Amino acid sequence: MARPKNVKHIFVTGGVVSSLGKGILSASLGLLLKSRGLRVAIQKYDPYINVDPGTMSPYQHGEVYVTDDGAETDLDLGHYERFLDEATSQQSNLTMGRVYKSVIDKERQGEYLGGTVQVVPHVIDEIKERMGELAKNSNLDILITEIGGTIGDIESLPFLEAMRQLKLDFGPKNMLNIHLTLVPYIKAACELKTKPTQHSVKMLLETGIQPDILVCRSEKPLSREIKNKVGHFCNLHELDVIGLSDCDTIYGVPLMLLNEKLDIRVLKKLGLKKYKEPDLAYWKEFCNKVQHPTDGEVTIAICGKYTEYPDAYKSILESLVHAGADNNVRVHVRLIRAEDAEENGSDVKTALEGVHGVLVAPGFGDRGIEGKIRFVQYARENNIPFLGICLGMQCASIEFARNVCGLSEANSTEFSKRCRQPVIDLMEHQKKVKEKGGTMRLGSYPCILKEGTKAHQAYDKFLINERHRHRYEFNNEYRRLFEDNGMVFSGTSPNGELVEIVEISNHRWFVAVQFHPEYKSRVHCVHPLFSGFVAAAKEFAHGARQLSFEPEAPSFQVMPGAEN
């Protein structure tokens, strides 16, 4: 395989245990190299057989991150975008399922000329071809590829073999491997143990790959003695053993790696000599705001269906960190399980005690819906800043229909197929869709904002583009009734047909959106809705003068025929 001219490749692998932070390492290295004036992109290769994570349970996979071009991808792509301030795409995430599907499709079309299709060479060649696509189609200096999984997993072997072959094809000056491992601290012995790292490197060597740089995660900083020992047993110079001890925030990782001179070692090994000194002044200022806010703290309640597994809301959590720094406050997040308000008769007032903002999170299915609706109602009636996202917007619409518009049977056809008052309904083009994978309304779409609304005030422009992931929408048959009762439709599709944003004008801050603003919040560009939401929570927390506000009493202006 020919290497795209001048593109250097870095492969990041992980060993010992999963969830060590390969994505954060890749994003941090990318940031350091970009700050030196290099053009960098990052891609993620996942070893599972699913074509994409779109149909996977949030409990198993965490958040599904959606790109501008509508790809449903791994949550690590969110880290790449937040750190590098560069958009990713479908090309940025490859699964083994997509590789096998492509190989099988080619076999069915006769492209292998009757040959026996095997992992070697056909699957490996497919992987190698895909590994170079992003480099071919982009103006890059460096392409970082994160290999998912842990060394020793059988699923990762084809990716590792492709990586081994590429190093032979490209040459050592054009490709290197960074291996992330764990150096556990044993409290009983008061000692860092290097044996797991040694065994992980041994397993990597069995695949024919000698790591060029080791990054060692640990609770405590690595001494020079430990680095020397690890290097001695893993065939590396001690300068190529990088320590990465625990940080208070993931945004401190690039600064720690800068101090460890990881970027300098990478540049030297790749033969890159012309580069500028990194300028991370903004990043340092951001980290200082995150760790040492000057205006106190706020508590935001996230009401969701998957709160037992916070990675399901990874981009939302990080967006709140960004918004907190933007408002000079520390954001404490209280994760609230939506079903608790249904199953245990939970007191919503008690659950939200001390909360300065309520966020009803995205999700699918009817589990926990009535609980979410109760939390929406409490936030609306008690003038607590509120943000609803995707399903959260739909729950806000249902709550408003029931408790303000007098539509007691209002619901979504997602939860009740024969709903008599469907304020949320399946989109017309979705009604004939049978397959689940990759068939939702996905990716970036334009939205027109209404002047004088909170949404327009936050964005400070009339045309925006946001990323979507949904099948259901607000039923336009009810728009007039909602408007008559005080709901403002502050954002719609350019043709005015699809409701994107709803808000209540006489509420402190009540905004709900059909799209996913969390996918576009970055360190360098905090999302305006999250910033506005946290600003309202900050004002609420600091006891600012409350707006003159009374909850809307049910007006019972029923649509003609709605009582039937």
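Yeah, the Cβs are placed from backbone N, Cα and C, and that goes for glycine too.
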Per Swiss-Prot, SER19, LEU20, GLY21, LYS22, GLY23, ILE24 bind ATP; matching candidate in ASP74, ASP76, ASP85, ASP105: ASP76
Identity of the L-glutamine-site residue among GLY30, GLY363, GLY443 (reference: TYR59, LEU391, GLY392, MET393, GLN394, GLU414, ARG471, source: Swiss-Prot): GLY363
ARG471 (L-glutamine binding site) versus THR197 (UTP binding site) - Cα distance in angstrom: 46
Rounded distance in angstrom between the Cα atoms of LYS193 (UTP binding site) and GLU414 (L-glutamine binding site): 52
Alpha-carbon distance [SER18 (UTP binding site); ASP76 (Mg(2+) binding site)] in Å: 14
Which listed residue (PRO196, GLY363, GLY392) has most other Cβ within 10 Å, given these are binding-site residues: GLY392
Among ASP76, GLU146, GLU414, GLU518, the one of these recorded positions whose Cβ has the fewest neighbouring Cβ atoms within 10 Å: GLU414
